[in-house]
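Engineer: This structure is in structure tokens; I'll ask about it shortly.
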Amino acid sequence: MKSVGVFALIISFSIVAESKIYTRCKLAKIFAKAGLDNYGGFALGNWLCMAYYESHYNTTAENVLEDGSTDYGIFQINSFTWCRNARKHQKNHCHVACSALITDDLTDAILCAKKIVKETQGMNYWQGWKKNCENKDMSEWKRGCEVS
């Protein structure tokens, strides 16, 4: 029985090790380099604010919704419309596996987020942004981060 407990502890450490929670400034640099500053007319602070309220900058965040779909990754991108998981009848507009949205490499998540902003009503897709960031001063989000 003791070995089962030790095994469970090892597994939990390996799961935690795979999760990455970025700092605000590290994410600001990644987002700026990826061209998110002013993408779709939204300043960098909007992206940082949205990612904070959607996932607290956690790349492996997953939330199962009442309709059975799942929101994935740092931007909480939904499986029903934007990515492909094991469920059928998904639109997969980003042409990406949902698992690609929960890795430390943010490339697929950023490309998909750009597509969402371009093909929907801007950042209104994200409830976290609407409730906490819309029509607010976004300059504080990048303050002290050495990004222009």
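Glycine residues also receive a Cβ, built from the backbone N, Cα and C atoms like all the rest.
Under the heading signal peptide, Swiss-Prot lists 1-19, citing sequence analysis as support. Feature annotation from Swiss-Prot assigns domain 'C-type lysozyme' to 20-148; the stated evidence is sequence analysis. Positions annotated as disulfide bond by Swiss-Prot: C25-C145, C49-C133, C83-C98, C94-C112. The active site feature in Swiss-Prot is assigned to E54, D71. If you look up Swiss-Prot, you'll see N58 marked as N-linked glycosylation site, on the strength of sequence analysis.
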Engineer: Go through C94, C98, C145, the listed disulfide-bonded residues, and name the one with the sparsest Cβ surroundings, counting other Cβ atoms within 10 Å.
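Structural biologist: So among C94, C98, C145, the disulfide-bonded residues given, the one with the fewest Cβ atoms within 10 Å is C145.
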Engineer: Would you list, in sequence order, the recorded positions among C25, N58, D71, C83, C145 whose CA lies within 10 Å of the CA of C112 (disulfide bond)?
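Structural biologist: Qualifying among C25, N58, D71, C83, C145: C83.
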Engineer: Hey, what's the Cβ neighbour count for C112 (disulfide bond) at 10 Å?
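Structural biologist: For C112 (disulfide bond), the 10 Å Cβ neighbour count is 23.
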Engineer: Average the per-residue pLDDT over the domain 'C-type lysozyme' (20-148) and send me the rounded value.
Structural biologist: 96
Engineer: Sort out the sequence-distant neighbours of C133 (disulfide bond) for me: same chain, 6+ apart, CB within less than 8 Å of its CB, listed by position.
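Structural biologist: The list for C133 (disulfide bond) reads G45, N46, C49, M50, Y53, M123, given in order along the sequence.
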Engineer: Quick check for the class: what is the C-alpha distance, in angstrom and rounded, between C25 (disulfide bond) and D71 (active site)?
Structural biologist: 24
Engineer: Far apart in sequence but close in space: which same-chain residues, 6 or more away, have a Cβ under 8 Å from N58 (N-linked glycosylation site)?
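Structural biologist: Listed in sequence order: S19, K20, I21, I74.
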